[in-house]
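Annotated features, as they stand in TrEMBL:
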type	residues	note
REPEAT	125-159	repeat 'PPR'
REPEAT	160-190	repeat 'PPR'
REPEAT	201-235	repeat 'PPR'
Amino acid sequence: MPDHSLTAFRLVKPPSDRALSALLSAYHDNRLYDRVVQAFNTLPAELGIKPGLVSHNVLLKTLVASGDLAAARALFDEMPHTAGVQPDIVSCNEILKGYLNTGDDAAFDQLLKEIAGPERHFKPNVGTYNLRMTLLCARGRSFEAEELLDAMGARGVPPNRACFNTVIKGLCNEGEVGAAMALFRKMPEVPRQNGTGVSPNFETYIMLLEALVNKGVFDPAMEIFKECLRNKWAPPFQAVKGLVQGLLKSRQAKRGKEVLMAMRKVVKGDAKAEWMKVEAQLSLLLADKKA
């Protein structure tokens, strides 16, 4: 595929920055980071292309992904002077992501101040907010991340699913499963530009199910389990096993049996044989409870 992308790029007449950015993205998406750098450094001069903002942002993303954050920051700072290209909020987000990945909280906070300052004065987008919330959650400050989530809409940046998942994950990691469930229930009510509501995905449900089971909160865990089934998603076997074991300890053998029967219907393909092994173990526990 990457070689096909290069062939297609050379067929574009006249060569353009748009085609260059598409080629760089193809290399990046296939983790061919050296090729991104090589293509960016050689093809523009060879073909008379002036790399624009999008191509520079792909290079920034590549340098961050490859672990060369110093080179990424240097490029970010030099773009206006060496290439006549002004960074945008997407450029900033790539550098913030690099600081987040390396745990450089001080540099992260400093760049946030620069973004809002008079020299750059960029408007944060949903990606910027999500990175901020990720850092707060990593610091064990998920309730502050939730406050930021609430503030986004008022600032004209409606939160998306990724934002909700970030904060729900943070709350779950801190054992605040009640707050995580409350936030989950707010998702359908969030105002958006094209209507109302943010839909949870498989990741949302599984984070909640595992956290609720680990905390021994089985009524909402059953609620989440049933939602998974309505969406025809088979939850991870370990979480389901914990749910059944918890129900049995709570003297809810009937509900435990319902879980087993429901899983039998939803598990498909190669996973079915593996599930039957888990079910056999749990069925023995059910039998012991009846005895």
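Every residue gets a Cβ built from N, Cα and C, even glycine.
Predicted automatically and left uncurated, TrEMBL annotations should be read as such.
Broken down with DSSP, the repeat 'PPR' (125-159) shows 26 helix, 0 strand, 9 coil. Residues 126, 129-130, 133-134, 136-138, 140, 142-143, 145-146, 149, 152-153, 196-201, 203-204, 207-208, 210-212, 215, 217, 220 of the same chain sit 6 or more residues outside the repeat 'PPR' (160-190) yet have a Cβ under 8 Å from a Cβ within it.
In the repeat 'PPR' (201-235), the DSSP tally of helix, strand and coil residues is 27 helix, 0 strand, 8 coil.
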